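As annotated by TrEMBL, GTP binding site applies to Thr140, Lys141, Gln142, Asp143, Gly192, Ser193, Ser194, Gly195, Val196, Gly197, Lys198, Ser199, Thr200. What TrEMBL records for Cys273, Cys278, His280, Cys286 is Zn(2+) binding site. What TrEMBL lists as domain 'CP-type G' is 93-250. The domain 'EngC GTPase' annotation in TrEMBL covers 101-248.
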Amino acid sequence: MNSLISLHQLGWQPFFQQQLALDEYEHATIARIVTIHRNEYVVQTNHATLKLAIDTESASFTVGDWLLLDTNNLLIRRLERKSLFRRKAAGSAAKAQQIAANVDTLFVVCSLNHDFNLSRIERYLALAHDAQVEPVVVLTKQDMCNDAEDKCSAVQQLDPMLRVVSVDARDQSSCLCLADWTQQGQSIALLGSSGVGKSTLVNTLMGQTDQQIGEIRQDDSKGRHTTTARSIHFLPSGAVLIDTPGMRELQLAACEQGVKQTFADVEALASQCRFSDCQHTTEPGCSIQQALASKALDPRRLSNYRKLLSEQARNSATLAERRAKDKAFGKMVKTVGTASRHVKKGY
Ligand SMILES: Nc1nc2c(ncn2[C@@H]2O[C@H](COP(=O)(O)OP(=O)(O)OP(=O)(O)O)[C@@H](O)[C@H]2O)c(=O)[nH]1
Ligand SMILES: [Zn+2]
């Protein structure tokens, strides 16, 4: 499938442009990964949709990555990422998986009805911060809620710099407040629990235009036509929406920095405690305890901070253990291999 699309429409930005050497600028083809199949990436250039086999060098690439290709459409290199969402793989094998790269803005979607939950929003903010992506909290179902303003200001209190909007996700004019982040050149992603209105919001942002663009038709190995969903969609407003399945099941793993950034106020208080190893329980001169007593700090926020910090530590420990185990296993295989070769050679 060939199609004309500008690099800007694909989400190209100066951050990537400045990584190009002069000869790359002149001769290389710039491509963005739009979908991953089992054995190949589907990449979009400004004039064609191409397939690229996945090999050991490219195994850790993901949707949203920018690549440079040579004149034969072979990989030269992947450009440095601006941001990256990772997740712990499902099951006991706690291996990190790359989920989406080069997202600019994450819409943290939460509904204003019974599902409204500040601690859950904080969890998503930690993920956004860890990925180096700007979060925007999008509160849906404003039409079903009488105290939308109170809830908006409760979210705003989590962080005075945070952008918070409320919408009726079904209504296009209500979603115009998202225009700042959905312009051409921008890449966005959505995160939120089930039923909060993510699909509704995507449909509203998409209008009716994505039908053909959202699908990739290709021949499978038996010559049959198959249609697969793209993980990247082009919004009529100009932005690129990265919607990989894994985005919706993101977990906290090895993201201490993301949690600390989300709870910068708690971190700042903790740094003022008299003892540097203060546990913030009964120690004298504890700023956290003082802030709780004066109601400057919400006990819910402190307990969620502790919970998320320990959750990510637990998941990172599993990652580290996994790596150590893999290493030990690798060594064992090598030793056994050497031993068996020795046996075969009759040593
Ligand atoms: N009244 C109202 N209903 C909404 C709004 N946003 C979503 N809904 C409804 O809420 C229900 C769930 O919305 P979805 O868009 O399917 O939610 P989702 O987040 O995509 O859910 P998953 O696919 O399970 O992740 C649907 O019936 C929507 O019509 C809103 O702003 N106002
Ligand atoms: Zn303390």
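Indices start at 1 and increase along the chain as displayed.
Including glycine, each Cβ sits where the backbone N, Cα and C put it.
Feature map: TrEMBL annotations on the structure.
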residue	record	DSSP (3 states)
Thr140	GTP binding site	strand
Gly192	GTP binding site	coil
Lys198	GTP binding site	helix
Cys278	Zn(2+) binding site	coil
Cys286	Zn(2+) binding site	coil
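Using a 10 Å Cβ-Cβ cutoff, Lys198 (GTP binding site) registers 21 neighbours. Residues from the binding-site residues list (Ser194, His280, Cys286) with a C-beta closer than 6 Å to any atom of ligand 1: Ser194.
Neighbour density at the Cβ, taken as the number of other Cβ atoms within 10 Å, is lowest among the binding-site residues Thr140, Gln142, Ser194, Thr200 for Ser194.
In this structure, none of the binding-site residues from Thr140, Gln142, Gly192, Val196, Lys198, Thr200 has a C-beta falling under 6 Å of any atom of ligand 2.
Neighbour counts were taken at the CB atom with a 10 A radius for the binding-site residues Val196, Cys273, Cys278, Cys286; the maximum falls on Val196. Among the binding-site residues Cys273, Cys278, His280, Cys286, the residue whose Cα lies closest in space to that of Lys198 (GTP binding site) is His280. The binding-site residues shown are Cys273, Cys278, His280, Cys286; of these, the one with its CA atom nearest the CA of Thr140 (GTP binding site) is His280. Over all protein chains present, the Cβ of His280 (Zn(2+) binding site) has 18 other Cβ atoms lying within 10 Å. A gap of 35 Å separates the Cα atoms of Cys286 (Zn(2+) binding site) and Gly192 (GTP binding site).
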